[in-house]
Amino acid sequence: MSLWTVLLAAGSGTRLAQASGGVKKQFLSVGGRPLYWKALTAFAKSPDVAGVVVVFAPEDLAEATRELAGFLDANHPGLPVLTAAGGARRQDSVKNGLDALPREARLVLIHDAARPFVDAGLIARVADALAAGRKAVIPTLPVTDTVKQVDGDRVTATLPRHELAAVQTPQGFDLTLLRQAYAHARPDFDVTDDASLVEHYGQPVFTVPGAPRNMKITHPEDLASLAEAAAPPVPVTGYGYDVHRYADPRNPGKQPPRPMKLGGFPILGAPEVLAHSDGDVLLHALTDAVLGCVAGGDIGRLFPDSNPDFDNMASGVFLSEALLAAKAKGLTITHVDLTIIAQIPKISPHAEAIRLNVAALLGLNKEQVNLKATTEEGLGFTGEKKGIKAVALVSGWRRP
């Protein structure tokens, strides 16, 4: 089958004009691209779709086509993308989009650009129904509210909810049938979706399950949902690990000894650690874990121990810089799990103070920070009391 999509981006957007500063909703910026681009890329990624015709209002056609060409040059979706001028009514815009389809097109999906969150599963459900022989297919959702028929301010009937459905796009059609339905319709017959024309033509229309997230941007309050849903955050995890040797007068290292700090908290009476900075092994591991959440490299790359500027630098500075860089890349930290591995000193007397200090450095509450301490049962260099290790695991969300 040759399945094409007609993407309608020709609406006037009058209900949103004031809230959007006069910008038509199909041209609202979402992640640096106009709203219609998000829907276009969803169809372009579908293996069922052979091409897309984008319908713009006549007054927008030239500029929008030039803008679209620029987006296609930068990130071509890999299938033909054509444009057409819209008409006075929605059905006129659809008709013009149908006229722009290539001769090989046999099936068509009609979609409103004001539904930018159409997903691959919904497109596939409509396409599969067409491939199975259905000639008119629409996605629907159950109506959960009680629906009343009214005349002015008076209720005239309560409609049976189980017989009602909320309709979405994309709506799929056999192209020949849809063209016949358009040709059959009276000039004064106005419709709000294409399935209505097919119904009026006397042909059956079938349904597939819609998608709740496939909302239509219509009212000013929808803009908040648009901003939140435009770039849904993805879960991320960062891992950090660090080691420091203890100072030993019999075996001095290349780096100077520093009083022990863990999580920015001084550990009095503990062995000194060898370090270029202040040697806070826990904050070093945590800094690496934060950087790991955003593919930001590691602490040694950002703060090399060969740089004298970092001599005895407080590790909280490293963590603060890493947090700024990570937040600039869209990171929100939700939980931190920390482990200190050492034979000495004993961590439990200091654990709560360390935990609270780390939470403060991260801007989290203490329930979002877990701290554990363990030994290696006398094994390895920590078991021999020659050093200390720390492991950090950071969980969060990142907006693309």
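Even glycines carry a Cβ here, placed using N, Cα and C.
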Per Swiss-Prot, member of H184, H200, H284 binding divalent metal cation alongside D242, H244: H284
Check: same-chain CB within 8 A of divalent metal cation site center, minus D242, H244, H284: V243, A275, G279, D280, V281, L282, L283, A285, I388, K389, A390
On a C-alpha basis, identify the one among R161, K216, T375 that is nearest to D242 (4-CDP-2-C-methyl-D-erythritol 2-phosphate binding site); the candidates are the recorded sites. T375
Got a sec? Which of these recorded positions, K216, H276, has the most Cβ atoms within 10 Å? H276
Note: in the chain of P304 (4-CDP-2-C-methyl-D-erythritol 2-phosphate binding site), residues six or more apart in sequence with C-beta under 8 angstroms of its C-beta are F310
For T375 (site 'Transition state stabilizer'), write down the residues of its own chain that are at least 6 apart in sequence and whose Cβ falls under 8 Å from its Cβ; none is a fine answer. I341, A342, Q343, T382, G383
So of all those recorded positions, R161, K216, H276, which one's Cα sits nearest to H284 (divalent metal cation binding site)? H276
